[in-house]
Protein chains: 4
Amino acid sequence: MNFKDIITDCFNQVKGIENEGHLAAYIPELANIDPEKFGVHITTMDQQGFGMGDALEKFSIQSIAKVLSLVLAYKILGKKIWERVDVEPSGNAFNSLLQLEVEHGIPRNPFINAGALVISDILVSELDHPKQDFLEFVRRISNNPNINYCSKIAESEKKVGYRNIALCNFIKSLGNINNEPDEVLDFYFNLCSLEMNCKELSELFLFLANNGCCTYSKEEILTERQSKRINALMQTCGFYDESGEFAFEVGLPGKSGVGGGIVAVHPDQYTIAVWSPKLNKNGNSFKGMKFLEAFTTESKLSIF
Amino acid sequence: MNFKDIITDCFNQVKGIENEGHLAAYIPELANIDPEKFGVHITTMDQQGFGMGDALEKFSIQSIAKVLSLVLAYKILGKKIWERVDVEPSGNAFNSLLQLEVEHGIPRNPFINAGALVISDILVSELDHPKQDFLEFVRRISNNPNINYCSKIAESEKKVGYRNIALCNFIKSLGNINNEPDEVLDFYFNLCSLEMNCKELSELFLFLANNGCCTYSKEEILTERQSKRINALMQTCGFYDESGEFAFEVGLPGKSGVGGGIVAVHPDQYTIAVWSPKLNKNGNSFKGMKFLEAFTTESKLSIF
Amino acid sequence: MNFKDIITDCFNQVKGIENEGHLAAYIPELANIDPEKFGVHITTMDQQGFGMGDALEKFSIQSIAKVLSLVLAYKILGKKIWERVDVEPSGNAFNSLLQLEVEHGIPRNPFINAGALVISDILVSELDHPKQDFLEFVRRISNNPNINYCSKIAESEKKVGYRNIALCNFIKSLGNINNEPDEVLDFYFNLCSLEMNCKELSELFLFLANNGCCTYSKEEILTERQSKRINALMQTCGFYDESGEFAFEVGLPGKSGVGGGIVAVHPDQYTIAVWSPKLNKNGNSFKGMKFLEAFTTESKLSIF
Amino acid sequence: MNFKDIITDCFNQVKGIENEGHLAAYIPELANIDPEKFGVHITTMDQQGFGMGDALEKFSIQSIAKVLSLVLAYKILGKKIWERVDVEPSGNAFNSLLQLEVEHGIPRNPFINAGALVISDILVSELDHPKQDFLEFVRRISNNPNINYCSKIAESEKKVGYRNIALCNFIKSLGNINNEPDEVLDFYFNLCSLEMNCKELSELFLFLANNGCCTYSKEEILTERQSKRINALMQTCGFYDESGEFAFEVGLPGKSGVGGGIVAVHPDQYTIAVWSPKLNKNGNSFKGMKFLEAFTTESKLSIF
């Protein structure tokens, strides 16, 4: 059975199940999405693609963008980046502030909010025009000039983002943010507002299936070792408090966002993106997780 | 032996000991104070006063002002205030953020920063012109038009006050701040910048020795029961992590600030203010504590 | 109005109110007590006494005994005792294990379980026959040979005391228990099983109203300063998470136990003990607290 | 290059580097081991083996045994086991007790001590003769009657195991231990005292490379899905606070012990065990980690 058949089969199978979970409610722009949207798209190493459902409709990729900011900061600073942020799973979130304090402002990994803020701080320091330069980078590695921030989403999140504001100022007080928190937060909220569709998302992440090398331009975005590091981080830390479950059920490196998107990478083979807005209790797309579980089971690709 | 003799004796005794401790260093304005300043002033119920040393030199009263904002909020809202802030000692500070989270944004007491921010939020809501109205209130109860904020101190603290900014936004995210954090913080930093000398400070707190009634105007600032509540709070929570030690060594309700000031209240008898900028390891004035210990020992006024 | 009248008045007033709260349920022996028991007894400095209700019925004094073990350990070791346990209020209990770990096994005060276990460890080290010697000490200071442990209660608590066993072994692992945990726990469970009636309890604590000197034998149990220290500790830490409230509402040093007993000390005047088994949500006797609030309000004895 | 060449190369390469780190010092039996011991052994799916150095010398496998107890409990109870223990990485250890309390006694995963104690409790409930039955199970799946507990090690650990005693009683107080803590701890300390050499260890784990099926007896120890689950857990949680780093640097599921042993599983291919007693700061064998990094790099077997 080839990818198209497996995807078609899994898509139809998951489409029919009851869509449990809830929409991310904290900003109106995310709460107003049609909860029944469901799209999926695969892109293989030879740039063949196949999509189903709402695969061409843009959505807010939210935390998935944290992989991209990490990639750029890693490309610029190299391994010095690990002096500012750790690479370990974080355990659950209830005590994340305490953990930061005890560990002197070093976040557990770059995918929790604290870590993504530190990475944002690095990019604000290193880039001449942080928001624009970062967007150019994303467009370049995806060979796609149509990727944009959604300023409406960014503004909305800024208005109610008290917890992230608290977090950024707290890390600043602990010495691990160099710029003014307002600047860092502005970058961060824009970062999370990036919009793409499943097709674009799967194409964008293809370099991580290709040892860090862009399949379009042949540019080395990351070294092979760096690319493996990002994949390892996605596998151990990419799904909040469900990372262990995901590592087992899906068995691929991946990253989810509260907009309902998930992207997963099968090194040397393909990337796959799925989108369905309703989230399970751990904040990951309910149908997205179901689809990926079915997909990796049917394609027998679990690494374990 | 009368008060003058005891104060003279204790003052000279403490003046001679080595001035251990350190200046509050986080803002230049506090770090630049002459560390050897030392003043004390008592005011009795019949408005007799006696001071020594630098008793007439103004200093930044800092956290001592938290008693005043609490008094005004309590006067306005009555016991409903305790729905927003608790009255229990806080234990030490390392886990204060965790505690706030577990207790849904209700600070342990009004004298820790979290509690003072919630009280500031109340005043920002209740007062037409928060900063000006509050200042008028302080001037009125002390019968002293010369009390002022120090805008230089307030600005300095705002510039480096990342931890308080974090705290205020964190409580906002937990639902216990109603106004925008920026407004609340502006009020808070001004509050802490109030300047007085020992004479003014002891006169200002006299209504708390007089069951809540202003000795100058005979105005009832607080009811008798409310006044006792404030005193009880100062005794159990007024000295950070040294409240238990202070309750024992001094045995009077009081409040300290990182500017090196301390005010203590002996109900029905007097108020006493002392100032010496170097702080002990718990953040309370080193010589101030030594003086008050000696003073209450010699005057045999411990309640225990 | 004299003490008898005030007590009669307050007793009758509180007797009539609905008895909210619940019995301590974790061991059958405490859960089987008649919940409507209610007794009170005062003893004045000149050894005059007056009791009402079930003042002569014995009950399990539980944590009130922690004051007595502290007194003996303090008498033996002097101020060196404070190297093993601190004197600050503890904040609430949910994070007590974390606090112990961060503070290297030094409990916040001698009245939380961790602190009482460390005090028990001291007595196990210092006494030849810990349980018997301690009981002799209690009998001596109260001039009462009829005070005893209740082995049934001690055994019951030992059987279900997993949390205290955990606590003792945890402190041992942090280096602040010198003896084997089993020995320390055996002493501790017996300590908490002491039985007295209100009359005996008020007589026993009279030395703390008398600057540390036994009114019967004139023996100096503690120095005046040590006695004041114990009183200060009872005031700031004697009522779990309700210490701040109690300091305000009652305004006297005191200590409560989950058996429903409370003892309070008015230095230089009297001790008063009250017993009613139903506990409020903070673990203190519901009617006991109500009685003491009424009593100190009517007798106008609040120190604030 | 075949396995033998790669192992020979990596072994010699790591043998020469300075042996940083320290011996586990908390019990004399572990502290007395010759710190320069270094052995490695691989066993392939077709039961071919190759070892070097001290590959035939027995050592205390310690926490590696937690995989075996988990396997047996999982075999007996099936997925009901996950009601008692979670499958998520734990973050760092400093707040593990707090985490347990907040999460009602459910440990984060079966490889932290709390989780292994709950698994031990399950086996004490389910097995007629827990210690003997478990040992028989281990012997059976490894086709090796020479595997034994080391009672001297077990007794030593019991004598100083205050923290584990605390942990077990704490979980009991939270309701997630059904048997008496003493029984559970006796099983647990024996479990951790199992002794094997690298050859035996690699042979024992071979069924996890073979989808749960014993290569010697063809017995299905676990279903394929269960076997993958165990491997996923080893990859995300097998190396304490270094699991994220290990996932990246080695890229194989594995488990380490404070005795200096590490076993890693390459599904469908081989198992490899390495032993060197000195531990790095995260408690994993210093040379063992270096060897596995070199080995998976040279054999290009990283899954990322």
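Heads up, the Cβ atoms here are built off N, Cα and C, so glycines get one too.
Remember, TrEMBL labels are computer predictions, not curated facts.
Predicted, not measured: the structure shown is a model, and the values here were computed from it.
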Do you know which of C:Tyr240, C:Tyr270 TrEMBL groups with C:Ser63, C:Asn113, C:Glu157, C:Asn164, C:Tyr188, C:Val258 in the substrate site? C:Tyr240
Pairwise C-alpha maximum, in angstrom, for the residues (C:Ser63, C:Asn113, C:Glu157, C:Asn164, C:Tyr188, C:Tyr240, C:Val258) that bind substrate according to the record: 20
Checking interface proximity: list the binding-site residues among C:Ser63, C:Asn113, C:Glu157, C:Tyr188, C:Tyr240, C:Val258 whose CB sits under 8 Å from a chain D CB, in sequence order. none
Surrounding CB atoms that lie within 10 Å of the CB of C:Val258 (substrate binding site), all protein chains: 23
Just to be sure I understand the packing, how many Cβ atoms besides its own are within 10 Å of the Cβ of C:Ser63 (substrate binding site)? 23
Counting Cβ atoms within 10 Å of each candidate's own Cβ, which of the binding-site residues C:Glu157, C:Tyr188, C:Tyr240 comes out highest? C:Tyr188
Which has the fewest other Cβ atoms within 10 Å: C:Asn113, C:Asn164, the binding-site residues listed? C:Asn113
Translate the DSSP assignment of C:Val258 (substrate binding site) into the three-state scheme. coil
